[in-house]
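Reviewing the structure listed below.
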Amino acid sequence: MRRKIVVGNWKMNKTVAESTALATAVIAALGDGCSACEAGIAPTYPALDAVGRALEGSGIALVAQNCHYEDDGAYTGEVSTGMLKAVGCSYVIIGHSERRQYFGETDETVNLRIKKVLASGMKVILCVGETLAEREEGVTGTVVSRQVTEGLKGVADITDLVIAYEPVWAIGTGKTASSDQAQEVHRLIRDTVKGMYGAEVSEAVRIQYGGSVKASNAEELFAMPDIDGGLIGGASLNAADFAAIVKAGC
């Protein structure tokens, strides 16, 4: 059975002090947690070290929101995998829709980043998803399958990779794909992985849902056969709400 994974993506929110306080509150809200669901937190770059220290011994993974595909050099504003690993990150989010939309991330650069993260020994959360226009055009399957196929091109082993389906039209809008809509795309993603790596690998890979997940809808979403947790945005900025979502995966 696949272990659920719930990751809070704090995006560009919270100072270092606020982030540390929120991480501490999340630990308290989770209590003993549950072995059936893995939890992670992705704060801003400046807060990674402090939040990582706050999370020590909690079992909650420290997650980075992005990275560069080069080890070092003249890449102003970027951060390397070595830097992230040095502060204790175990996962890196790659290809988030906001990175694709606002910062020119492409399937090609997503692929380069994935290879760099896996080579570093950290794990990847690969984000895929369609826009509202693409859904209305009926090309959701084509878009998502392409993002998976191109993102994983030349990647031989995806043992340390999680896929997050995030319909762009549902991120931060209050709109949520119905559990059946989400399940349909998750099944398509799993079938795409099956075509690339075989049935055993496709049944083992974890696929999160991201897009206005809340405590009130998490249990229904997580009950779907191909939904293995969530990549949580706004709701992860509230410790009680995030803890409730994690517990929905238990």
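Glycine is treated like the rest: Cβ placed from N, Cα and C.
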For the substrate site that Swiss-Prot assigns to N9, W10, K11, S212, G233, G234, which of G31, G33, G40, G172 is also named?
G172
Within 8 Å of the centroid of the Cβ atoms of N9, W10, K11, G172, S212, G233, G234, which other residues of that chain place their own Cβ, given that this set defines the recorded substrate site?
I171, I232, A235, S236, L237
Distance from E166 (active site, proton acceptor) back to S212 (substrate binding site), taken between C-alpha atoms, in Å:
9
Round to a whole number and give the Cα-to-Cα distance in Å for the pair G234 (substrate binding site) and E166 (active site, proton acceptor).
14
Could you check what DSSP calls G234 (substrate binding site) once collapsed to helix, strand or coil?
helix
Using a 10 angstroms cut-off on Cβ to Cβ distances, just flag whichever of G172, G233, G234 is the loneliest among these binding-site residues.
G172
Across the listed substrate-binding residues, N9, W10, K11, G172, S212, G233, G234, what is the farthest Cα to Cα distance, given in whole Å?
14
